[in-house]
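Written out below as structure tokens is the structure these notes cover.
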Amino acid sequence: MTQTWNLLQAGQERNYKVAYINARIIDPETKLDIEGSLLTEGSKIIDFGESLFSNGVPSGVDETINCEGLVLMPGLVDIHVHFREPGQEHKETIYTGSKSAAAGGVTTVVCQPNTTPAIDSVILAKYLKYRALETSHVNIEFYAKITTSEEKLTEVALLKEAGAVGFTDDGIPVMNPMIMRQALLYSSMLNVPIAQHAEDLNLSAGGAINEGKISEALGVKGILSASESVMVSRDILLMKDIENVHYHILHISSKDSLDAVKRAKDLGLNVTCEVTPHHFTLTEDIVKQHGAIAKMNPPLRTEEDRLAMVEGLKTGVIDCIATDHAPHDRSSKDLPLESAAFGIVGLETMLPLSLELYHSGQIDLFDILAKLTYKPADIIHVPRGRVQKNFVADLTLVDLNYEWEIKIDSFASKSKNSPFGGRKVKGRVVRTIVSGKTVYSQK
């Protein structure tokens, strides 16, 4: 297998035309599913259809890509990644993280602000944007911090003007309810999501894995499931009387939290949530096998919780899938459970793990792809994740039925902390296109 990457930088040349022929073209939003061809010019999708190029590709096309046996679909959108820049470049950088994203078919990511220093000022926001323009393979968006040192609100309006698509203190929760209430009021004024790492630290402090049979068997302090659902319930109460507010829950993991979200949605509240592939594929049981490699926050929970996540994806209570891509070097993970860092990498496994729900007949393909493309894009109000005329040409070419084994040593990410090594999956990214430009391909 030969893999090739290209930096995005300015994107495709303005008038450069690419014809994608013999493709199965899927757009989850419009329920489009056809056999046909698609034409891009520069950064845009110009045309597509079953009869396009039926008389052959015209001479004015610069490049023709035969997609026989492959699915051409919107580029994936991951609204929860940690690229560790600035401050922890030994774990990941925008360059290596975006390379990992491209290999996973992800064309847009949202970087979390818990870097060193944190993205809590306009200067740091501008620095991040500059680094992204210089070194990224994919579109880089970012959340800015809700608070400065967890004590007071950041300059939320100025940070939005500087490019922030939302606000979070991810890695830790906003514990102070008055500060959270103020942030939610800004959400209403500025039309941005306030994204909460839902965890009451009074119920979780010092915990390493889910509180339950595995934590008891291993003799380590557990993280109570209620630490998440209590915070979710608190925040829903804080936002319920604010008009035009958007509250988003990061990496939801417990059945009780999901029940609270469903109740809020039934009341018409603008509450959205994301789930990671590891929370709908794995349980706390694998900690016995993988140790600290399977340590993340929120932790892997029970089979009942896992099944609730799958059901939430089926019913639409869960709005999207996101990785919480959290790279760590070996020295951060080769430690006892209590001392090791939280988190796993996920960009290169998100698509095949999500497709397990399709291949097993649990969830419709349109529904899975929707939660990987336009639905996360809509949460952050970014016009991505669609195959439609005159839309930006962010595309992923996938062999839907290709069977392969996950090999973590081959990841493009600088870090290899994943419990999925050796897992057999179906669905492989063949090519990733951002703004009409191929940024990743493999043969």
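The backbone N, Cα and C atoms fix where each Cβ goes, and this holds for glycine too.
Quick caveat, the model's predicted, so the values are computed rather than measured.
Secondary structure at D324 (Zn(2+) 1 binding site), taken from DSSP and collapsed to helix, strand or coil, is coil. Its Cβ taken as reference, D324 (Zn(2+) 1 binding site) is surrounded by 27 other Cβ atoms within 10 Å in the chains shown. The annotation Zn(2+) 1 binding site is assigned in Swiss-Prot to H80, H82, D170, D324.
The substrate binding site annotation in Swiss-Prot covers H82, F83, R84, N114, N297, H328, F342, G343. For R84 (substrate binding site), other Cβ atoms within 10 Å of its Cβ number 26.
What Swiss-Prot records for D170, H197, H251 is Zn(2+) 2 binding site. Sequence-distant neighbours of D170 (Zn(2+) 1 binding site): residues of the same chain at least 6 apart with a C-beta under 8 Å from its C-beta are H80, Q112, P113, N114, Y143, A195, H197, L250.
Among the features that Swiss-Prot reports, active site is placed at D324.
A C-beta separation below 8 Å, combined with a sequence spacing of at least six in one chain, links H251 (Zn(2+) 2 binding site) to H80, H197, E274, V275, T276, H279, P298, A322, D324. Listed in sequence order, the residues of the same chain lying 6 or more apart from F83 (substrate binding site) and placing their CB within less than 8 Å of its CB are E92, T93, I94, G97, S98, V109, C111. Least packed by the Cβ count within 10 Å, out of the binding-site residues H80, H197, is H197.
Remark: H328 (substrate binding site) has K91, A341, G343, S415, N417 as non-local neighbours, by Cβ distance under 8 Å and separation of at least 6 in sequence.
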